[in-house]
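The L-serine binding site annotation in Swiss-Prot covers Thr252, Ala253, Glu254, Glu306, Thr405, and the record cites sequence analysis as its basis. For Arg283, Lys284, Glu285, Val299, Glu370, Met371, Val372, Ser373, the entry in Swiss-Prot reads ATP binding site, with the evidence type sequence analysis.
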Amino acid sequence: MSWSILELIRNNPEVLKENLKRRFIDTSTVDKAVELDKKWRQTLQEVERLRHEHNLISSQIPKAPKEQKSELINKAKELLKTLEDKEKELQKIEEERENLLLSLPNLVHDSVPIGPDESYSVPIRFWGKFKVYKDDVNEFLKQTNGHKVDYEVINWKPVGHADMLENVLRLGDTKKAGEVAASRFYYLFNDIVWLDLALLLYAIDTITSRGYTLVLPPYMLRGEVIKSVIDLDTFKDAIYKIEGEDLYLIATAEHSIAALYYKEEIPKEELPLKLVGVSPAFRKEAGAANKDLKGIFRVHQFHKVEQFIFSSPEDSWKYHEEMIENAEEIFRGLGLPYRVINIASGDLGAPAAKKYDLEVWMPAQAKFREMVSCSNCLDWQAYRMRIRYVEKNNKKGYLHTLNSTAIASTRAITAILENFQKEDGVVEVPKVLRKYLETFSGAPKEYIYPKKKPNTTS
């Protein structure tokens, strides 16, 4: 969204209606916004007329004959009361109009495939050699959408990541975590914890080497702030709120980093500002009640490294490609085979004008699973957060914001468990992670071996 959306409401509302149609959203909001804006402009004219009339009469009072002063004073008081009431009405209409405008999603980029759900998303490239169980070859080829890919057929069925974690390696315990916390929480032990830490360090190392500033952000934000970063009405069931306080736990470092320049102006010559944040991520996952019930793929709490860029409007599409390339470099380094997909319009979140997902092939599940989301939000977030750039001639405008996952540790672990396992249950540690583990005596060096489950009872 941008301030230009108000211009479209006034001059070309059909563009906004078409955008909502492309997102498969009801268009009545645009009609309501048009009517409210018309009412706002009419009320503004009335306020200006009353203000002018009040000022005119007030200016006549000192010069008026004594017998007319009392009448003019009373008339000025009546006008002032009418003006104050009309100004309150104007403010109320403006707030209603602003809330409607803020409810509108971003304008979909022309390169986004049009469709109501994820099934209309389009794979645009594949990387790596895919390990495919012999009975899953046809299903795999269907998911390549006709792209030429390199794959290896294996005769043994890989074990799913949940069973690998808890029953083969015995390095996780979701049952006990569910007992003492809730479902979708977990205990991890020893080698898997080291793997989690190594993944974070590897992602941070990769992104900071490209000139991004490392950030450790707040893990909570005030309601006013977080609703300017995301569509809180839509995602209120996904975000944890602290009871009795106006604070929300972040679902990603994107939220806190986006707010770093809340209500500030940035000299345009300082753009782009490239940052990479590391933080825990907290998610209710209320909309995923029956999805991924086992293991650590979809959980309430995990560690995440997030890329973020504040960009000038003319450069944001260039940086969108840069950020997905950074993410791809991380997964190429890990040796995890993946595809990049262009997300369909109906599956875009409200802030994004375009989004790429990077999905890794999971051989035990015979499907691709999301590891990375990379979005260009244009000025949708910046307008809400009042973050503007300032040119040397003092011309101002809303900058663009972009975000992308670098690594979500638990999801990356599930991908490693399925892609790097051997038939005997041993899991190879990706070579690129080993340098982050070699100095620690207790960390795995090359392989993670099946072990007995740690004793968690006293």
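Any Cβ shown, glycine's included, is placed from N, Cα and C.
Counting neighbouring Cβ atoms within 10 Å of each of the binding-site residues (Thr252, Ser373, Thr405), the lowest count belongs to Ser373. Proximity to Met371 (ATP binding site), defined by a C-alpha to C-alpha distance within 10 angstroms, is shown by the following binding-site residues from Thr252, Ala253, Glu254, Glu306, Thr405: Thr405. In this structure the alpha carbons, written CA, of Thr405 (L-serine binding site) and Val372 (ATP binding site) are 5 Å apart. A straight line from the CA of Thr252 (L-serine binding site) to the CA of Arg283 (ATP binding site) spans 9 Å.
Around the Cβ of Glu254 (L-serine binding site), the number of neighbouring Cβ atoms within 10 Å comes to 30.
Highlighted in sequence order, His255, Ile257, Gly277, Ser279, Ala281, Lys304, Val305, Gln307, Phe308, Asn403, Ser404 have their Cβ within 8 Å of the centre of the Cβ atoms of Thr252, Ala253, Glu254, Glu306, Thr405, the residues recorded for L-serine, and are not part of that set.
Local packing around the binding-site residues Arg283, Lys284 was summarised as the count of other Cβ atoms within 10 Å of each Cβ; on this measure the leading residue is Arg283. Taking each Cβ in turn and tallying the other Cβ atoms within 10 Å, the top scorer among the binding-site residues Glu285, Glu306 is Glu306.
On a Cα basis, Glu306 (L-serine binding site) lies 19 Å away from Lys284 (ATP binding site).
Cβ neighbour count for Val372 (ATP binding site): 26 (other Cβ atoms within 10 Å of its Cβ, all protein chains included). The number of other Cβ atoms within 10 Å of the Cβ belonging to Glu370 (ATP binding site), over all protein chains shown, comes to 16. Of the recorded residues, Val299 (ATP binding site) and Ala253 (L-serine binding site) place their C-alpha atoms 16 Å from one another.
Note: Ala253 (L-serine binding site) has non-local neighbours Val215, Pro217, Gly277, Val278, Ser279, Ala281, Lys304, Val305, Glu306, Phe308, i.e. same-chain residues 6+ apart with C-beta under 8 A of its own C-beta.
The record assigns Thr252, Ala253, Glu254, Glu306, Thr405 to the L-serine site; their largest pairwise CA distance measures 9 Å.
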